[in-house]
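Annotated features, as they stand in TrEMBL:
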BINDING   Asn8, Glu385  Mg(2+) binding site
BINDING   Lys15, His209, Leu210, Gly211, Asn212, Gly213, Asp283, Phe284, Arg285, Gly331, Val332, Gly333, Glu334, Asn335  ATP binding site
BINDING   Arg92  substrate binding site
ACT_SITE  Asp149  active site, proton donor/acceptor
SITE      His181  site 'Transition state stabilizer'
SITE      Arg242  site 'Transition state stabilizer'
Amino acid sequence: MSLVLVLNSGSSSIKFQLVDPDQHATDEPFASGLVEQIGEPMGRVTLKHAGEKHVVEAPIPDHTVGLDLAFKLMAEHECGPTDVELVAVGHRLVHGGLVFSKPELITDQIVDLARSLIPLAPLHNPANIDGIEVARKLLPDVPHVAVFDTGFFHGMPPAAALYAVDKELAAETGVRRYGFHGTSHEYVSNKVAELMELPKAAINQITLHLGNGASCAAIKGEQPIDTSMGMTPLAGLVMGTRSGDVDPGIVFHLHRTAGMPIDDIDELLNKKSGVKGIAGVNDFRELRRMIEEENEDAWLAYNIYIHQLRRYIGSYMISLGRVDAITFTAGVGENDSFVRADALANLEMYGIKIDPERNALPNTGPRLISAHDSVIKVWVVPTNEELAIARYAKAFA
Ligand code: ADP
C-alpha cells in the first residue's frame with residue numbers, strides 16, 4: 001500500500017496522518033497522531049494505529065524533536081515512515097497569498113516564497129514552514145508537496161476579492177480577500193458534482209464548511225466567486241471561538257475607549273468570541289445539551305450563529321443566480337441535524353426543502369438530505385482535508 005504522510009504544523013503542535021490516497025473519506029487513516037505542547041516544559045506525542053492509542057510524554061523543545069519523537073513512536077509500532085511504502089509528504093500551508101494558486105512541489109525556492117508571505121499570516125505560516133524544513137531533513141528521499149488553504153480561491157473575481165479601501169495601500173500591504181478552507185471547499189464541491197453525475201462546470205453550488213472554524217463559498221461551475229473568510233480566517237460566519245464579521249469600528253472602540261491593547265483585541269475576537277463568547281462553550285454537542293436545559297445564553301449563541309449563516313446563504317443565492325446544490329460539511333455540518341434544518345428552514349419558495357428523515361440519518365458518508373421535490377439539492381458530504389492533501393501530494397510522486 002502506497003502511503004502519504006500529511007503534516008499540519010502549528011506553532012506548538014504538529015498533526016500527522018499516514019494516509020492511503022485511495023481510501024474513502026470516512027475510512028480511518030492508516031495511522032494518525034498529534035505532537036503537542038512544543039516549547040513547554042513537558043510535551044506529548046499521541047499515535048493512533050490499528051485501533052490502539054499510544055502516548056509518550058517528554059520535553060519537546062522544537063519541531064525537530066517533536067517530529068523525531070513521532071517517527072520513533074510510529075516505528076515502535078511498525079508504522080514509521082521507513083516501515084511503510086511512503087511515496088510523498090503533503091504539507092498544509094495556511095496562506096499562499098497571491099503567489100500560490102495550486103499545490104507545489106517543495107524546493108528551496110518555494111520555501112523562500114512561502115517565507116515571503118509570513119507578514120500575511122504571522123501566526124500560521126512560520127510554523128508551517130518550520131514543519132516543512134524539519135520534515136525535508138528527516139525524509140529527504142520523497143517529494144514534499146505544499147497545499148495551500150487559500151489556493152482554491154485564488155481566481156475570485158475582483159468585486160469579491162477586493163475591499164473598498166484605498167487601492168494602492170491595499171495592494172502594497174496585501175489587503176484583500178484570500179479565503180481559507182479551500183482544500184475542503186474544493187474537495188466537497190468536486191464530490192457533489194460526482195454525486196449528481198454532472199460535470200462540475202455545469203453546476204452552481206454553495207458549500208458550507210461548519211467546523212470549529214467555519215466558512216462558506218459560492219462556486220459557479222469550477223470557479224469560486226465568493227467566500228466568507230477574508231484576508232484572515234477571522235471574517236465571515238460566527239465560529240466556535242471567532243466572532244466572524246463585526247463592524248471594524250468595534251476594534252477602534254475597544255482600543256480607544258476601553259483601552260484594550262491590539263493583541264488583546266486580536267485574542268478576544270479570535271479565541272474568546274463566537275459561540276464561546278456568548279455561551280461559554282464552543283462545542284456544538286455541549287451547546288445542544290445547554291439548549292435542551294433551556295440555557296438562555298446557549299439559545300442566544302445558537303440564534304446568532306444561524307442568523308449569520310442564513311444571511312450568507314441568501315446573499316450567495318443572489319450572487320449565483322441559479323443554485324443547484326447546497327452542501328454541509330465539517331464537524332458541525334456533518335453531524336448537527338438541527339443546524340442544517342434551521343439554516344434552510346422556510347425556504348420552500350426558493351426551491352429548498354429538507355427531508356426531515358433523511359436529515360436525521362447518522363453521518364456514515366455522503367448523503368442527500370433534501371426532499372424529492374426540492375429544486376435545489378441539499379447534501380451532507382464528509383470532508384477530509386488530509387485525504388485531499390494526500391491525493392495532491394501523490395500526484396507528484
Ligand atoms: P476543526 O477542523 O475546525 O477543528 P471540525 O470540523 O473537526 O473542526 O469540527 C469540530 C466541531 O464539530 C466541534 O467543535 C463540535 O462543535 C462539532 N461536532 C463534532 N461532532 C459533533 C456532533 N456529533 N454533533 C454536533 N456537533 C459536533
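For all residues, glycine too, the Cβ spot is worked out from N, Cα and C.
Remember, TrEMBL labels are computer predictions, not curated facts.
The structure, with features from TrEMBL marked on it.
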residue	record	DSSP class
Asn8	Mg(2+) binding site	strand
Arg92	substrate binding site	strand
Asp149	active site, proton donor/acceptor	coil
His181	site 'Transition state stabilizer'	coil
Leu210	ATP binding site	strand
Arg242	site 'Transition state stabilizer'	coil
Arg285	ATP binding site	helix
Val332	ATP binding site	helix
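Spatial neighbours are here defined as Cα atoms within 10 angstroms of one another, and by that definition the neighbours of Asp149 (active site, proton donor/acceptor) among the binding-site residues Lys15, Arg92, Leu210 are Arg92. There are 22 other Cβ atoms within 10 Å of the Cβ belonging to Asn8 (Mg(2+) binding site). When the neighbouring Cβ atoms lying within 10 Å are counted for each of the recorded positions (Asp149, Asp283, Glu334), the highest count belongs to Asp149.
Among the recorded positions listed (Asn8, Arg92, Asp149, His181, Arg285, Glu385), Arg285 have a CB atom closer than 6 Å to some atom of ligand 1, in sequence order.
Cα spacing between Asn8 (Mg(2+) binding site) and Lys15 (ATP binding site): 5 Å, rounded to the nearest whole number. Remark: Arg242 (site 'Transition state stabilizer') has Gly213, Pro233, Leu234, Leu269, Asn270, Lys271, Ser273, Gly274 as non-local neighbours, by Cβ distance under 8 Å and separation of at least 6 in sequence. Per the record's binding annotation for ATP, residues Lys15, His209, Leu210, Gly211, Asn212, Gly213, Asp283, Phe284, Arg285, Gly331, Val332, Gly333, Glu334, Asn335 show a top Cα-Cα distance of 23 Å.
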